[in-house]
C-alpha cells in the first residue's frame, strides 16, 4: 500500500490525473481488503505490524480519503484540485504509517505530522478569514498537549534504550503524572469535553473535504493512540484517575447534547455531536473492558462514515441556499425531496438506529459501562435521550415547514452527489452483518 501510494504521489506531482489516481487508489484498497486475514497476527517488518484494530482504521482512512477526492472533482478549479489531491495523498501516507508502526517515537512523529496537511487544507480551501484562527486553535491545542508525551518518550528511551511498543510491557512505574501525560495527548484529538474547543472552530471554517477528513479520520487518531498506549498505561495506572476521566466524559456528553439542542448552525451541531459520541469511547477505553474496546472500534468506524456523510449533506445544502442556518433552511423537503431520504438515513444512523453499525457499537459500550458501574446508567440514559432529541430536532426543523425563498431557483442534485452519499451509507448497513456474525464471537 505504501509503495503504491508513493507511485500515486509521484504521478500527481508530474500530471493532473486526479480521476485516474482516485480509481487506482480505490483498486488498491479493494485488493487490500481481499488479502488473507491471517497476516493480521504477524508483523510486516521490524518496525511495522498490522492487527485487527489498525487494519480497520487503515481501511476507514483510505475510504474517507477516496470520498474526499471524489468530492474535490466537482468542487475546485483544476489547479487547486491537483494540490488538494496531493495533500490528501500525503495525509493518507502519514495515516498509514501512524496506524502501522510499532515504535512509540515514530508513532508520535507520524501522529503529529498528520496535522500539517489538514492545516494546509483548512488555510487554503476554507470559506472565511476566521480559518486562520481556527488553524491556530487546532495546532496549539494538539501540540501543547502532546509535547509532554514527546519528553516522556525520550525519558524512557534513555532509561530502557529503545522506544518499541513491546518494551513498555516490563515497566512497573505507578505515577499519576505519567498517566496524565500519556492520556491528555490523545484526549485532545478525540476530543474530550473541556479539550474540545478547537473542534467546532476547525469544522466550521474547513471546506467540506476537510470536515470529512477531520470527522472521519483525525478524531480516530486519539482513540488509536490510547489503545496503543494501553499496555503502558496499565503499568502506571492510578485507579482513582479513571473515575475522573469517565465522569468528565459522560457529564460532558450530557452538556454537549444540551448545547446541540440550541445550535442554529447545522455544521456546528454535527461537530458538537462528534464530541457527544466520542465520550462513550473515551470511557470504555479508560475502564479497559474487552467488549468496550470492541465497541469503541466499531463506533469509531461507524462515526467516521456517518459524520462524514452528514457534513457532505450540509455542504450540499449550503451550496444551494448559501447559508447553514436552520432559521433559513426550513422546508428543504419541498425543494430538495430526494435529499430528505439521505437526511433521514444518516441521522437515523447518527442516533444509533437499526440496522446500522452504530447500534451494535452503542450496545457493546453501554453494556460495558453499566456492568462496570451501575451509576453510569442514569448518565447514559440522558445521553441516549439527548442524542435522539437533537437528531430529530435537526431533521424536523430542516425538512419541514415552508421554505423562505420559495421563488428562488435551486440547483438539483446530480449523480456524483448520490454516489458519494451512497458510499457513506452502504458500509454502515453492510458491516453490521459481518460484525454480528463473526467479530462478536471472536477475540481481538
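Heads up, the Cβ atoms here are built off N, Cα and C, so glycines get one too.
Given the structure is predicted, the values throughout are model-derived calculations rather than measurements.
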In TrEMBL, which of 83-99, 355-371 is labelled transmembrane segment?
83-99
I'm a bit unsure how to read this: which one of 52-71, 134-156, 295-314 has the highest number of Cβ pairs shorter than 8 Å with the transmembrane segment (211-230)?
295-314
Could you name the stretch, out of 83-99, 176-199, 268-289, with the greatest number of CB pairs under 8 A to the transmembrane segment (242-261)?
268-289
